[in-house]
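Student: Have a look at this one.
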Amino acid sequence: MKEDILYHFALGTGTHDFPALFGDVKFVCVGGSPSRMKAFIAYIAEELGLGSPGGDYPNICAGTDRYAMYKVGPVLSVSHGMGIPSISIMLHELIKLLYHAKCSNITIIRIGTSGGIGLEPGSVVITRQSVDATFKPQFEQVILGKTVIRSTNLDEQLAKELMQCSKEIGQFNTVIGNTMCTLDFYEGQGRLDGAICLYNEEEKLQYLKEAYDSGVRNIEMESSVFAAMCNLSGVKAAVVCVTLLNRLEGDQISSSHDVLVEYQQRPQKLVGYFIKKSLGKV
């Protein structure tokens, strides 16, 4: 192509100098919410001593309302919306952006929230493998009418490094475990409180206990395609999510706003520390 238009980012190789804008990027952090990813870039700027305290960080994708993107130094922070389709569109364009910018040795980390299984709320899970709703470590997609199955393993060494960082911080419980990625927040995750529910509590608990016994420690809705696409692209990747509740004890997220905000900062703190350590600033 003479020009590559990254439509959902409102960026294009004909209108933007990708190597000048993004060539120094080494770490990409992605998460569902635009406001959370803006908060992360402000946090990492302060941690790395870049930018001025309380400084504003413009949204690089201001020409669209699909995704938000922020940058400081070698760190790019991008929102991906909710669910597999949304993050998959973002990742296609993000991977092309990094290619056009001639970036190398990139680490991509998804930071987010999840429902825990058998963990105290506020625990952080570093994903070993993303599994589907039948506990298989795979991402299944129909391409040109044919079912394609892709691996969802994540970088083992990166997971260990992140675990070591959490031990050094020593502020919250962190585990390495499998993450179940579902297509839905309600029935797909065995909740009893959706608009439709054709199973009972006993069946729900049996399913969640089977998930726990298979190694699953949390549930979210993006990790499978994230792992699959990063694998195919040869990019080191990790998923770091905080648990907002223990699904064995209920379905509704009832913690106060302040408690939830503090929980959501835990993956940011862990990944921020990892980036500082990687850059020799710890």
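Residue numbers in this text run from 1 along the chain shown.
A Cβ is built for glycine as well, from the same backbone N, Cα and C atoms used for every other residue.
Straight out of TrEMBL:
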type	residues	note
DOMAIN	26-275	domain 'Nucleoside phosphorylase'
BINDING	ARG66, ARG110, ILE111, GLY112, THR113	phosphate binding site
BINDING	GLN189, ARG191	substrate binding site
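Help me picture these features in the structure, burial and contacts included.
Tutor: Of all Cβ atoms in the protein chains displayed, 18 besides its own lie within 10 Å of the Cβ of ARG66 (phosphate binding site).
If you draw a 10 Å sphere around the CB of GLN189 (substrate binding site), it holds 23 other CB atoms from the protein chains shown.
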Student: Quick check for the class: what is the C-alpha distance, in angstrom and rounded, between GLN189 (substrate binding site) and THR113 (phosphate binding site)?
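Tutor: Given the Cα positions, GLN189 (substrate binding site) is 14 Å from THR113 (phosphate binding site).
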Student: Looking only at ARG66, ARG110, ILE111, GLY112, THR113, the residues listed as binding phosphate, what is the longest Cα to Cα distance in Å?
Tutor: 20
Student: Write down the Cα-Cα distance for ARG191 (substrate binding site) and ILE111 (phosphate binding site), rounded and given in Å.
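Tutor: Counting only the Cα atoms, the answer is 23 Å.
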Student: If I restrict to non-local contacts, at least six residues apart, and a C-beta distance under 8 angstroms, what lies near THR113 (phosphate binding site) in its own chain?
Tutor: GLY32, GLU220, CYS241, VAL242, THR243, LEU244, TYR263, GLN264
Student: Compute the C-alpha separation of ARG66 (phosphate binding site) from ARG191 (substrate binding site), stating it in Å without decimals.
Tutor: 28
Student: Check each residue in the chain of ARG191 (substrate binding site) that is at least six apart in sequence and keep those whose C-beta is under 8 Å from its C-beta; list them in sequence order.
Tutor: PHE185, CYS197, LYS204, ASP251
